[in-house]
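Colleague: Sharing a structure here in structure tokens format.
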């Protein structure tokens with residue numbers, strides 16, 4: 001296959017390379033910092049930050065599947081990708097993307113239990129339960145990606161080979177198949193609806209109960225603290241689900257590659273960038289932990 005990517009930008013691709021390289025390095029540094037701080041600071045060894053750490057790891061892998069190849073293609077005239085590598089890229093992209101959606105839903109449930117059932121929180125969100133939830137998210141991601149990849153790459157490809165995208169996404173690849181793919185597209189569309197709408201609906205219901213509980217808190221300071229613990233999660237959810245829904249919750253016939261390519265940049269680059277920035281800039285616990293890790297003298301005695 002030939003990945004057209006941003007070839008229409010001509011010489012401006014060098015500028016895009018510099019921009020995306022800087023963003024990628026920031027994503028790596030940000031997510032690695034979040035994971036390291038959560039791992040080292042015992043005060044962050046609670047389910048909320050456990051899920052945040054897993055999300056950061058997943059998003060780091062998620063960007064690693066897409067961005068290095070995209071950066072290489074921005075500097076290369078030969079933007080080819082083999083059939084097998086395209087299938088592998090799609091499989092891992094879908095796997096991490098679906099896992100991220102599930103994790104955001106689990107993080108919404110965690111906030112619901114913490115605010116609405118604080119006394120039962122240690123029981124409902126024990127480490128065993130947290131591990132099972134993460135394993136379930138990863139399992140669902142692997143299952144959906146396996147089904148989606150098989151539905152696409154079992155089709156015959158014998159004609160056009162130009163993918164109007166910067167990575168092997170489902171819609172631009174499946175449109176190159178030289179056979180009727182209506183059933184495959186329908187199954188993938190239904191899978192996309194389930195992947196996006198089920199966790200999003202669950203998050204909305206959770207936050208409905210959260211808002212109702214917070215409004216019953218008598219003090220303004222208590223309400224502010226409760227809302228602040230949810231603000232970072234809500235910000236990431238809105239950006240991630242908003243952009244992903246725009247691209248995937250539509251029939252393929254309405255596919256508009258030029259617009260989708262720009263929107264896809266948002267949830268493949270901006271969301272992984274936004275996650276560590278939002279959680280580090282808006283979260284006082286993480287800010288304190290980062291300062292403790294950077295100022296090693298005040299941290300390691302406590303850790304020991």
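Just so you know, glycine gets a Cβ as well, placed from its N, Cα and C.
What you see is a predicted model, and the numbers here were worked out from it, not measured in a lab.
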Colleague: Give the range, chosen from 49-67, 68-86, that TrEMBL lists as transmembrane segment.
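Modeller: Spelled out, TrEMBL records transmembrane segment over residues 49-67, not the other listed ranges.
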Colleague: With TrEMBL as the source, which of 129-153, 154-178 is set down as transmembrane segment?
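Modeller: That would be 129-153, per the transmembrane segment entry in TrEMBL.
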Colleague: Which stretch from 129-153, 231-249, 261-281 shares the most C-beta pairs under 8 Å with the transmembrane segment (49-67)?
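Modeller: By the under-8 Å Cβ criterion, the transmembrane segment (49-67) pairs most with 261-281.
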Colleague: Are the transmembrane segment (14-37) and the transmembrane segment (261-281) close enough that 3 or more Cβ pairs fall under 8 Å, when only pairs 6 or more apart in sequence count?
Modeller: yes
Colleague: When each of 14-37, 87-109, 129-153, 231-249 is checked against the transmembrane segment (186-210) for Cβ pairs under 8 Å, which one has the most?
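Modeller: Comparing 14-37, 87-109, 129-153, 231-249 against the transmembrane segment (186-210), the winner is 87-109.
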